[in-house]
């Protein structure tokens, strides 16, 4: 039996991997990719990633089945939560202009194991996002032809009665993904040009929807006779918010493309702000006109906007909306297929994925192997899986990535500057541990977060406070915290903050329903975990942080990332238990692959 127990050396190695962080190159602009994307290119990529099936399909689905006309409020809350996450991405994208998005951000601040976990979840996000959009694209095209494609498939191919699988194989969705994969393989310039064309058409159609929709609006559709504005109450609004996160997942394509931006320090933050603002406004306004045009309980979840115009007697407008939605969904497909291979490339470069995916084509300067392989996998998902199951599965992976990026911002902001840490080996310290890829490729150097804490000069004068050190104003009151290494208290406080947030949100979501807590214990637990959250926040705030005027920095740190963390965790807990079950299976597969 003893031979099955882990050895002490294995446990030590595991703990070292748990907090080993990646050390970036001195020249952050050096890359094997083609830096050809401007701020406008990145902004349109972000808009293309967010305004697609979420606008044309998800809006109707959430309005009819989850929130009613209060889907507007769901989008406002989801937009605010996404804004907090987007600001975190903007700071990282400007400071670390390397491909990899949330995976890379987690790796350089928190550690390898967490980066591996987030990397796989980002892959899941993009694969499911592409597959879901392809199925929505197919549904809208089918609605133009009066569902003849669906009827033909069901008649001549057959149907399935299997949970989580689609009713019939969607060959059209798989085909469009294969075509999009071929175009993405030609390079970033071709992808950007196609995105510009489809985005221009999409924005024109959205403007038409808003003008025509307000003309046809009927306020009685929000009246009590039709069920009222919020028929499912606050619970429905928050559940709708969790699902509506699907609409905003596309902005991280900008961070994933930062290694191909001409001036990432300026372009990435601006593009994220512009694209998220425009997308949020579009979702809110379209939700207003959709629920005012027709009663919310009569919406067609598969093609809500086009169907609303058809039912109001404007068949030509419905046709135009359906055609515009196809263009919008094309931009999302391009966005997903553009980002996913670059995440895979970053993981392969670090030895956490097969080395073949780190190859960049010498002429097109894109990771062609990753594009082709994952394009085929997306096509397979779109062929057999149900759209609704895919959408909810997508939200949880996205929220987890947002949570880790927000925590990484706090950790990184209170770390020592790279120049303040003595060079390994210069003062008798061991060299950073090399990490070799699975195929014995080029060695990458890493250092653990604990190394960063210990390799500091603790003899610095009290007047020159470094990031992670206790502020001078609080030293007379919190002198015992001065005995810790710079950043050590902050790291412990971040972990405590996340645990407190999980417990607090669990009580808020399940306290009165699943747990059936009496009022006194419910209130006591809320107070205790709220105090734990606020105390952790206070402990972080009393330490010095990095201040840079060279790149964008999110304001109000650590408050802004902390709010993002607690909002993301709350929305994750609002998702259905089946979503968590499928997510747990995916994490189990990740751990098996990690071994």
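Quick reminder: no glycine exception, Cβ is built from N, Cα and C everywhere.
Per TrEMBL, the features are as follows:
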TRANSMEM  36-58  transmembrane segment
TRANSMEM  70-90  transmembrane segment
TRANSMEM  102-123  transmembrane segment
TRANSMEM  171-190  transmembrane segment
TRANSMEM  197-217  transmembrane segment
TRANSMEM  229-251  transmembrane segment
TRANSMEM  272-294  transmembrane segment
TRANSMEM  314-338  transmembrane segment
TRANSMEM  391-412  transmembrane segment
REGION    421-441  region 'Disordered'
TRANSMEM  489-510  transmembrane segment
TRANSMEM  522-542  transmembrane segment
DOMAIN    552-589  domain 'Cationic amino acid transporter C-terminal'
TRANSMEM  554-573  transmembrane segment
Mind checking which residues of the chain, 6+ beyond the ends of the transmembrane segment (36-58), have their Cβ under 8 Å from one of its Cβ atoms?
132-133, 136-137, 139-140, 188-189, 192, 195-196, 198-199, 202-203, 206, 243-244, 246-254, 257, 260-263, 266-268, 270-272, 274-276, 278-279, 282-283, 286, 301-306, 321, 325, 328-329, 331-336, 338-339, 387, 391
Taking 197-217, 229-251, 489-510 as candidates, which has the most Cβ pairs under 8 Å with the transmembrane segment (314-338)?
197-217
With the transmembrane segment (489-510) as the reference, find which of 70-90, 102-123, 171-190, 554-573 contributes the most Cβ pairs under 8 Å.
554-573
Whether the transmembrane segment (554-573) meets the transmembrane segment (70-90): three or more C-beta pairs under 8 angstroms:
yes
What else in the chain is close to the transmembrane segment (171-190), if you only count residues 6 or more beyond its ends and a Cβ gap under 8 Å?
33-34, 36-37, 130-131, 134-135, 137-138, 141-142, 149, 153, 257, 260, 330, 333-334, 337-338, 341, 364-366, 368, 371-372, 375-376, 378-380, 382-383
Find the average pLDDT over the domain 'Cationic amino acid transporter C-terminal' (552-589) in the predicted model and report it.
80
